[in-house]
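Database features, via Swiss-Prot:
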BINDING   His44, Glu200  Zn(2+) binding site
DISULFID  Cys79-Cys191  disulfide bond
DISULFID  Cys208-Cys215  disulfide bond
MOD_RES   Ser132  phosphoserine
SIGNAL    1-26  signal peptide
Amino acid sequence: MATGSRTSLLLAFTLLCLPQLKEAGAFPTIPLSRLLDNAMLRAHRLHQLAFDTYQEFEEAYIPKEQKYSFLQNPQTSLCFSESIPTPASKKETQQKSNLELLRISLILIQSWFEPVQLLRSVFANSLLYGVSDSDVYEYLKDLEEGIQTLMERLEDGSPRTGAIFRQTYSKFDINSQNDDALLKNYGLLYCFRKDMDKVETFLRIVQCRSVEGSCGF
């Protein structure tokens, strides 16, 4: 038999048998520990970027007196995520199941898809990272995918299609260059840092519960 014919037959056999091979488990499933490691790396990258950018912006543009007045004013320091039901204490967090913590994390991530675009100039001018809003958006999308995969593993394996939050943060004027705009950008960075901290914390708890020897890392 000619080489080309043998190759064609082998390809046809492989395509015919592919569904059976999948059902029989011939393709190894990615370990849960690896999925959690990947999600944690992505969450930590976002949290670190949010924290460092917030701190850099604060040191460069926000006088101490403005910082304190901002943080003490509930109207300026209120984040959109406050409307998302999240655990308010360590005890409440521990009472949530792994799946609940993943769902909350997913909602927090999705709530930043549009708002992060309002910080394009801040990210572009950062001396620490020099990333664009599209880069941060891709980081968020990567983590969203990782969390969704974890949720599928913890459920019945069927994909979830939840509603994506499209908060616009309309109170932030990206075209303004005055001091008020600086405070608004500062507020947005404050909320981004706060929410990414929550996501990393929730994922760390899920990892600690699920993977032996992973607590404290």
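Backbone N, Cα and C atoms are what each Cβ position is placed from, and that goes for glycine too.
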Spatial neighbours of Glu200 (Zn(2+) binding site) that are distant in sequence (at least 6 apart) but have CB under 8 A: Met40, Ala43, His44, Leu46, His47
Number of other Cβ atoms within 10 Å of the Cβ of Cys215 (disulfide bond) across all protein chains: 11
Cβ neighbours of Cys79 (disulfide bond) where a neighbour is any other Cβ within 10 Å: 19
Cβ neighbour count (within 10 Å, all chains shown) around Cys208 (disulfide bond): 15
Where Glu200 (Zn(2+) binding site) falls in three-state DSSP terms: helix
From recorded positions Ser132, Cys208, Cys215, the one whose Cα lies nearest Cys191 (disulfide bond): Ser132
Cβ neighbours within the same chain of the residue listed as 'phosphoserine' - under 8 Å, at least six residues apart: Arg120, Phe123, Ala124
Cys215 (disulfide bond) versus Cys79 (disulfide bond) - Cα distance in angstrom: 30
Neighbour count (Cβ, 10 Å) for His44 (Zn(2+) binding site): 15
DSSP state at His44 (Zn(2+) binding site), helix/strand/coil: helix
Structural state of Cys208 (disulfide bond), classified by DSSP into three states: helix
